[in-house]
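**Q** Before anything else, here's the structure in question.
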Amino acid sequence: MGTVKDQLILNVLKEEQTPHNKITVVGVGAVGMACAISILMKDLADELALVDVIEDKLKGEMMDLQHGSLFLKTPKIVSSKDYAVTANSKLVVITAGARQQEGESRLNLVQRNVNIFKFIIPNIVKYSPNCKLLVVSNPVDILTYVAWKLSGFPKNRVIGSGCNLDSARFRYLMGEKLGIHSSSCHGWILGEHGDSSVPVWSGVNVAGVSLKSLHPALGTDSDSEQWKDVHKQVVESAYEVIKLKGYTSWAIGLSVADLAESIMKNLRRVHPISTMIKGLYGINEDVFLSVPCILGQNGISDVVKVTLTTEEESRLKQSADTLWGIQKELQF
């Protein structure tokens with residue numbers, strides 16, 4: 001008598017078990033796990049790998065997700081602190097790093113997180129040399145540059161989550177103000193993910209109707225409706241959430257899954273994400289900033305050339321200068 005399995009199943013094919021749509025999430029903190037569950041619930045991967053340095057937490061998070069397998073369509077969920085577990089990933093999401101404290105600027109995290117990246121990036125490259133890297137850790141624009149430098153990857157394959165979330169926050173707040181669902185409220189926030197981000201008021205519209213054409217003072221200091229406060233709220237929102245609950249997680253997780261979907265399904269949707277923008281808007285340094293990018297299976301294939309006002313362009317340039325000032329001091 002064979003085992004129950006032998007009696008039940010006749011094997012007719014010896015299969016090679018290589019994944020075709022594998023995604024890795026590095027870092028299983030609040031952000032990493034929000035990314036993981038959001039990716040799982042969008043059915044984007046046939047294998048999900050989790051990596052972290054805290055082994056008990058890592059195993060616990062993996063088991064907790066595995067126990068939900070019946071309700072998911074991702075047949076393999078694995079984890080290890082050994083990067084061999086990440087082999088053959090199509091997409092690697094990096095959320096590992098020091099967490100922003102209450103009132104702390106994202107830029108303040110930089111050297112701590114650079115040191116962490118020096119260990120992570122070479123390991124990812126070793127096991128998934130053809131993957132796309134999606135950097136989420138803050139300060140995201142600088143760390144995307146760091147990941148690009150450390151990986152040796154072409155710039156199309158190194159992507160920062162950038163202003164995808166800032167723009168989503170903006171569209172939510174705009175929707176609240178107008179009583180319209182955020183998917184029908186269009187507006188782009190570009191530049192640094194953080195305090196010096198730039199709202200492009202000229203492009204803000206509903207159904208193609210420019211709000212600036214209806215209300216020329218939109219976004220200026222002389223605006224009686226104070227639309228500028230909408231952008232101010234976007235900038236302050238992360239700080240407020242951190243103050244209230246200690247960290248942000250759900251919105252960034254959903255934002256990352258949105259980007260992962262465009263990559264894994266080769267959707268070629270346009271997202272405000274961090275890419276190398278040297279040569280645009282009079283920027284001559286290797287700076288990563290958010291501009292609208294076409295995102296698909298090869299990562300960022302194209303950049304949309306946005307018409308900016310003189311003020312918007314100078315604010316973008318200022319953002320770039322701030323970031324370059326920090327980047328050039330970094331110890332690799």
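Glycine residues also receive a Cβ, built from the backbone N, Cα and C atoms like all the rest.
The active site, proton acceptor annotation in Swiss-Prot covers His193. Per Swiss-Prot, NAD(+) binding site is recorded for 29-57, Arg99, Asn138, and the stated evidence type is similarity to another entry. Among the features that Swiss-Prot reports, substrate binding site is placed at Arg106, Asn138, Arg169, Thr248. Per Swiss-Prot, SUMO2 cross-link is recorded for Lys57. Marked as N6-succinyllysine by Swiss-Prot: Lys5 (among others). Residues annotated as N6-acetyllysine in Swiss-Prot, with similarity to another entry given as evidence: Lys5, Lys14, Lys57, Lys81, Lys118, Lys126, Lys232, Lys243. What Swiss-Prot lists as phosphothreonine is Thr18, Thr309, Thr322, and the listing cites similarity to another entry.
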**Q** Return the residue, from the listed recorded positions Lys57, Arg169, His193, Lys243, with the maximum count of other C-beta atoms within 10 angstroms of its C-beta.
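**A** Result for the most crowded candidate: His193.
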**Q** Whole-number answer please: how many Å between the C-alpha atoms of Gly29 (NAD(+) binding site) and Thr309 (phosphothreonine)?
**A** 40
**Q** How many other Cβ atoms sit within 10 Å of the Cβ of Asn138 (substrate binding site)?
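**A** That number is 28.
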**Q** Measuring Cα to Cα, how far is Met41 (NAD(+) binding site) from Thr248 (substrate binding site) in Å?
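**A** Per the Cα atoms, Met41 (NAD(+) binding site) and Thr248 (substrate binding site) stand 19 Å apart.
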**Q** With every protein chain in view, how many other Cβ atoms are within 10 Å of the Cβ of Gly29 (NAD(+) binding site)?
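**A** 18, counting other Cβ atoms within 10 Å of Gly29 (NAD(+) binding site).
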**Q** Rounded to the nearest angstrom, how far is the Cα of Lys232 (N6-acetyllysine) from the Cα of Thr248 (substrate binding site)?
**A** 18
**Q** List the residues of the same chain that sit at least 6 positions away from Thr18 (phosphothreonine) in sequence and have their Cβ under 8 Å from its Cβ, in sequence order, or write 'none'.
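**A** Listed in sequence order: Asn88.
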**Q** Out of Lys14, Met33, Lys118, the recorded positions in the record, which is closest to Lys126 (N6-acetyllysine) when you go by Cα distance?
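**A** Looking at Cα distances from Lys126 (N6-acetyllysine), the smallest one goes to Lys118.
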**Q** Among the binding-site residues Ile37, Met41, point out the residue whose Cβ has the most other Cβ atoms within 10 Å, with all shown protein chains included in the count.
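**A** Highest number of other Cβ atoms within 10 Å: Ile37.
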**Q** To which of the recorded positions Thr248, Thr309, Thr322 does the lowest count of other Cβ atoms within 10 Å belong?
**A** Thr309
**Q** Can you tell me how many other Cβ atoms are located within 10 Å of the Cβ belonging to Lys232 (N6-acetyllysine)?
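**A** Its Cβ has 13 other Cβ atoms within 10 Å.
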**Q** Select the most exposed residue of Lys5, Lys118, Lys126, where exposure means the fewest other Cβ atoms within 10 Å, treating these as the modified residues.
**A** Lys5
**Q** Taking every protein chain in this structure into account, which of the modified residues Lys14, Lys81 has the most other Cβ atoms within 10 Å of its Cβ?
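**A** The residue with the most neighbouring Cβ atoms within 10 Å is Lys81.
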**Q** Could you check which of the recorded positions Lys5, Lys14, Asn138, Arg169, Thr322 is the closest Cα neighbour of Val53 (NAD(+) binding site)?
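**A** Result: the closest of the recorded positions to Val53 (NAD(+) binding site) is Asn138.
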